[in-house]
Structures are given as C-alpha cells and as structure tokens.
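Noted in TrEMBL for the protein shown:
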- 23-47: transmembrane segment (TRANSMEM)
- 24-477: domain 'Major facilitator superfamily (MFS) profile' (DOMAIN)
- 53-82: region 'Disordered' (REGION)
- 73-82: compositional bias 'Low complexity' (COMPBIAS)
- 98-115: transmembrane segment (TRANSMEM)
- 127-145: transmembrane segment (TRANSMEM)
- 151-177: transmembrane segment (TRANSMEM)
- 189-214: transmembrane segment (TRANSMEM)
- 220-239: transmembrane segment (TRANSMEM)
- 319-340: transmembrane segment (TRANSMEM)
- 361-379: transmembrane segment (TRANSMEM)
- 385-405: transmembrane segment (TRANSMEM)
- 417-439: transmembrane segment (TRANSMEM)
- 451-472: transmembrane segment (TRANSMEM)
Amino acid sequence: MPKNCLAAPVAAVFGPKWMRQRYVLVVMGMLGMINAFTMRACLNVAITQMTAPPSQPGGENKTSDDSCPFDPPAAGSDSSGSAVQKEYPFNWDSEQQGLILGAFYIGYIFTHIPGGQIADRYGGKHTLGLGILATAICTFLTPAACKLGDVAGAVIVRILMGLGEGVTFPAIFVLLAKWAPERERSLMGTIVLAGPQVGTLVGNALSGFFLDWFVWETTFYVYGGLGLAWWFFWCFLCYSDPNQHPFIGDKELKYLNDNVTGLKEQDNEKEHVKTPWKSILTSMPVLALITTEVGHDWGFYTMVTDLPKYMSDVQHFKISSNGTMSALPFICMWISSMVLSATGDWITSKRVISNTLLRKIFTTIGSVGPGAFLLWASYAGCNKYFVVALFCIGMTTMGAFYPGMRVNALDLSPRHAGTIGALMNGTGALAGVAAPYAIGLIAPNGLMSEWQTVFIINFAIMGITNVAFIIWGSGERQWWDDPHGKPPGHVEDPEDDIKAVKGPAMASTAM
C-alpha cells in the first residue's frame, strides 16, 4: 500500500493493476534523458541564428570551388531565405563558437565521479532528478547570460549546465542495475540510453521551427519548462530500488529480486561494500570500455554539436530545413538502436553466442560504420539530400553501440555500475570538450575541404579506439563485483580458513 497521501492518487493511476513499475521507470528515464539532451543541444541550432555564419557579413568569405551554392533567395529575402534581413545579436567567430559549444563538457566531466558515488550510495532517483532540475534552471538563464556576459556569460552558464547534467548517466546506470533483469537488460538499457538520440533530434527539429517563427530566446524557455515539468512527475512516479517502491506489485517485486543480478545482495550489503578502486582502474575490460567510449563520444558529439553548423555553413540549408535535416540521422539512430537491442536480447536469451562476442560485434559495427559513412558524406559534394542520406546511414550503424558497449557497465559490475558509468562517460566527455573546439579551429571558414579533414580525424579516432574493445572487452561479470570474489588464478590458502576459525575463538577466550 502507498505509504503517504501523495502516493495514493499516483498509485491509483500508475499502480500494479495497470502497469509494471520497471517500465514506468524506463519510460520516465528515457524522457529524462530526452529533456537533458534537448536542453544541451538547443544551443547547437540556435547559435546559427545568434551569430553570423562565415558567409554572412562579419564572417569570412569562401572560395567558390570549395563551397556549395546558396539556394536562390525569394523576392525580398536575404541569402538565407528569411523574409527580412537577419540581424545577429552576437559577433562570435568560429573559434569562440567552438569554445561555447564545448564549455558544457568542462562542467560535465567534473560531476561524473561524485555523481556515481552518490547514486551508488544513496540511490539514483534524486541524483538524476536534481541533476536535470539544475540543467533546466541553467537553460532558462542562458539568454540572459549571453546578453549580459557575451562569450564569457555563455561559457559560464554552459559550464554550470554541465555540472548539473554530469550526474545523469551515472544515476541512470545505478537505476538500471537495480531494475533491469538480465534478459531485458539490452532493450531496457537502450530505451533509456537512446534518450539522447531522441533529445537531439527533437532539439534540432523543434529548434529550427522555433527559430523560424519566434525569437531565438524561445528555444531555451520552452526546453527549460519541459525539464521542470519532467522533474515534478519524476519525484512522484519513480524510486531508486524496487524494494523501496511503495506501490509495486508483489509479483513484479519477486520477479525482480529473482532476476536482477545481485539485487538482494546489494540491498543487504550496501553499507559494508567499498568501491574496489584498484581493481576497477586496473581491469582491462573496464579500461577497454572507457577507451571505446572516448571514440564513440567523439563521433557522437561531432554530430550533436556541429551537424547543424555543417548543414548551414557548407550545404546552406535554410534554418527552417536545417533543424529537420539535422534531426533525421538521429531518428535513424534511435530506430536502429531499438531494433538491434531487441535482437541482442533475443540472442542473449537463446545463447546463440557469448555475451562477450555479442558486445564486440555490435560495438565494432557502431564504430566502423559511422566513421566510414560520415567520411563519405564529406566527399559527396553539394548533392544535399544524398549527403543527408549518407549521414542517416552512418548514424543508423551507430545505433549498434547501444546493445554493444553502452550497456556493458551493467555486464561487468551491477554493484558498481554507477561508478563505472561515471568513469566511462566522464572520460568520454573529454571528447565533448575537444571535438567542438577542434572543429572550430579546423573549419573556421566552413569550407568543404576543412570539413573533410574533420571527418578523416573522426574516422581514425572511432576506428582506433574500437581495437581496444575487440582485444580486451568482456561481457561477463567481473570477479571484483562480488565482495567475496577472488581474482582468476587465486589459490586458496588453508591457513586462511584456520585463522578465520581461530580468530573468534581466541577473542572469546581472551574475554
């Protein structure tokens, strides 16, 4: 029965009679990640209307043989197709834009480890909720910060956003470790962890609409408001642990306790289990996972932060089309991640191949495919829609990351999933800092040849980091996840058992 009057009406609608609580958590977790990434990504599109592109006054001129032609403007329009001449409120060059876009990840890095430790110890519910609440508040403040502080104001508010959002992934991993049965792990994990794709596509598509019809500030106010609304419902609907949930059904609770790896052990021993830092930081499967995460994040953040700029500066899509065209690759990625994750769960249930081989196959597809197709797109010239199609195919293959390495932390250590998730996402976020800034330096003029260099580097990074996962990656629970586990090759010393027996006896004799 619900434990308080506030839970009673919620239980009447969302109680066990109507739905399974693990699916409520999955849906709300996905919506939380969608909100997090719409708030993160909306600036990526808005910045194209906040400051002049290289082809506009205040920017640098392009050579005609290294850029695509503009669409013919309508009567009374400027070259971008707008009904009136565009006035830009800021004069940020390419390097400054890269600094602003990458500033989010400076803050994002620093709260991963603390967020993972807090979520491991105190639960993921409020860790995730407060992180997204802080991000929503900063999103509301972004227009004011830009107007008051120009580049410095934009950088500061983006760093603060990153500090708030840095706890989200570690908290999600902790929640999934408590709520996802092994046979549903790939699909449940992918539904939640695919939220960034949906958030990016929604952020890109709707931001284009808002920027076409309203002032640029509208984008930040809408997404900030949606973040606050999500936080309100999250507080009442979701809980850190099935055994703490006030209106979960008895049948589902028993099922989760029987099928979620180590759930009962975690509940019983949480106060006594310390994080095995040495074992984690020297574990080759963990180090391989972190390395591959860096490669994935370089490719993903290149698309998230700079695809709208590529569509605007190189292909010259109008702002009303830019958001939609930038969103299409992420729609493809989301669909493929769902399909491939369901396939991965089916393979796991049938024991067709080992879990380790399954993770390696999907991770390799998710590394090599995007690198190759994004590089091809940069050499496809000015055939706009063929370029978009190649981006879509590339991001479709990136969806294989989700049943691959993205849920791998849950395989390696259900008990310390938050900490490992923090390490992999925190380290991967370095790519979020480096990629936008590097792109700003490499492609200051928005030239096609400059962007070809960008995608050559992207292909190399994604491919090289994948090698580490092929060699050292694992899909099995590691020995150090069990507080009583022993490393491979450990030989039991009979003297240890004798000492363990004699110890209490000698102590009682001394008394």
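Glycine too: its Cβ is placed from the backbone N, Cα and C atoms.
TrEMBL does not curate its annotations; it predicts them automatically.
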Recorded stretch that, among 98-115, 127-145, 189-214, 385-405, 451-472, has the most CB pairs under 8 Å to the transmembrane segment (417-439): 98-115
Selected stretch (most C-beta pairs under 8 A with the transmembrane segment (189-214)) from 23-47, 127-145, 151-177, 385-405, 451-472: 23-47
Contact check, the transmembrane segment (127-145) vs the transmembrane segment (361-379), 3+ Cβ pairs under 8 Å, seq sep 6+: no
Stretch contact, the transmembrane segment (23-47) with the transmembrane segment (361-379), Cβ-Cβ under 8 Å, 3+ pairs: no
The transmembrane segment (451-472) versus listed stretches 151-177, 220-239, 361-379, 385-405: most Cβ pairs under 8 Å: 361-379
Segment-segment contact (the transmembrane segment (361-379); the transmembrane segment (220-239)) at 3 or more Cβ pairs under 8 Å: no
Chain residues in Cβ proximity to the transmembrane segment (385-405) (below 8 Å; excluding those fewer than six residues from its ends, i.e. six or more beyond): 186, 189-190, 193-194, 197, 289, 292-293, 296, 299-300, 303, 307, 315, 325, 328-330, 332-341, 343-345, 358-374, 376-377, 469, 473
